[in-house]
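What TrEMBL annotates here:
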- ASN110, HIS115, GLU120: oxalate binding site (BINDING)
- HIS113, HIS115, GLU120, HIS159: Mn(2+) binding site (BINDING)
- CYS33-CYS52: disulfide bond (DISULFID)
- 66-211: domain 'Cupin type-1' (DOMAIN)
- 1-23: signal peptide (SIGNAL)
Amino acid sequence: MFLKFWVLFLLVILFIHGDGTLASDPDPIQDFCIPNPKFGAIKTAHLTILPCKNSSEATTDDFVFSGLKGTGNFTDTGLATIPVNPAIFPGINTLGMSLVRADLKVGGINPPHFHPRATEIAYVVQGNVYAGFVDSNNRVFSKVIEQGEVMVFPKGLVHFQMNVGKKPATIFASLNSQNPGLQKIPSAVFGSGIDEKLLEKAFGLSHKQIGTMRRRFDPKQ
């Protein structure tokens, strides 16, 4: 019950601003929009539009999601994430929000990354996590946050987490966009096809070192 309370708290706090609501996505024009599986999605540059089914067909189960009870699959950095968007949780469609569960093994990291379309607020369910972000002046705001603490990562700024405790860590985070986007810095730089000579000059690395980084972060290799 305690855990459910904090998850609800995270979802609400993002949208309370003075006496109104604030969301980075367009405000809904109806109470809710449960996606209709009979119709395909309409994709735009930054948003996938899911046509609504008749509101009379909505059920309580559309507004309940149980997929965050366990951990996801771990990567080689010791990170497991379960991102939640309208495709798997119909009830949040058009509400300008999404969420994610992140688990970190001891010493595991969530590499530097950013969300171009959303601010993120993260609540530490368990563990001790070194977390922070870098502003546009290259100033780092970071500290070890513990169980029960919350940290916010402003929209579009690079941020990161690392488990510095002696036990696994779990984080629940909410974002104020149903399509926040995600760019991991290492993959964006070395896995995107940027000209190799530019990377050599930018980072002072040799041809061989650039090749090593590309093999590590380029998903096509």
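The backbone N, Cα and C atoms fix where each Cβ goes, glycine too.
Overlay of TrEMBL feature records on the structure.
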| residue | record | Cβ within 10 Å |
| --- | --- | --- |
| CYS33 | disulfide bond | 22 |
| CYS52 | disulfide bond | 18 |
| ASN110 | oxalate binding site | 22 |
| HIS113 | Mn(2+) binding site | 17 |
| HIS115 | oxalate binding site | 23 |
| GLU120 | oxalate binding site | 24 |
| HIS159 | Mn(2+) binding site | 21 |
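Listed in chain order, the extra residues whose Cβ falls within 8 Å of the Cβ center of the Mn(2+) site residues HIS113, HIS115, GLU120, HIS159 are PHE114, ALA118, PHE133, PHE153, LEU157, VAL158, PRO180, LEU182. Residues VAL100, HIS113, PHE114, ALA122, PHE153, HIS159, ALA173, LEU175, PRO180, LEU182 surround the recorded oxalate site, their Cβ atoms falling within 8 Å of the Cβ centroid of ASN110, HIS115, GLU120, which are themselves excluded. Taking HIS115 (oxalate binding site) as the reference point, the recorded positions whose C-alpha atoms are within 10 Å of its C-alpha, out of CYS33, CYS52, HIS159, are HIS159. CYS33 (disulfide bond) and HIS159 (Mn(2+) binding site) are 32 Å apart (CA-CA, integer value).
A separation of roughly 27 Å, to the nearest angstrom, links the Cα atoms of CYS52 (disulfide bond) and GLU120 (oxalate binding site). Candidate binding-site residues: ASN110, HIS113, GLU120. Nearest to CYS33 (disulfide bond) by Cα distance: GLU120.
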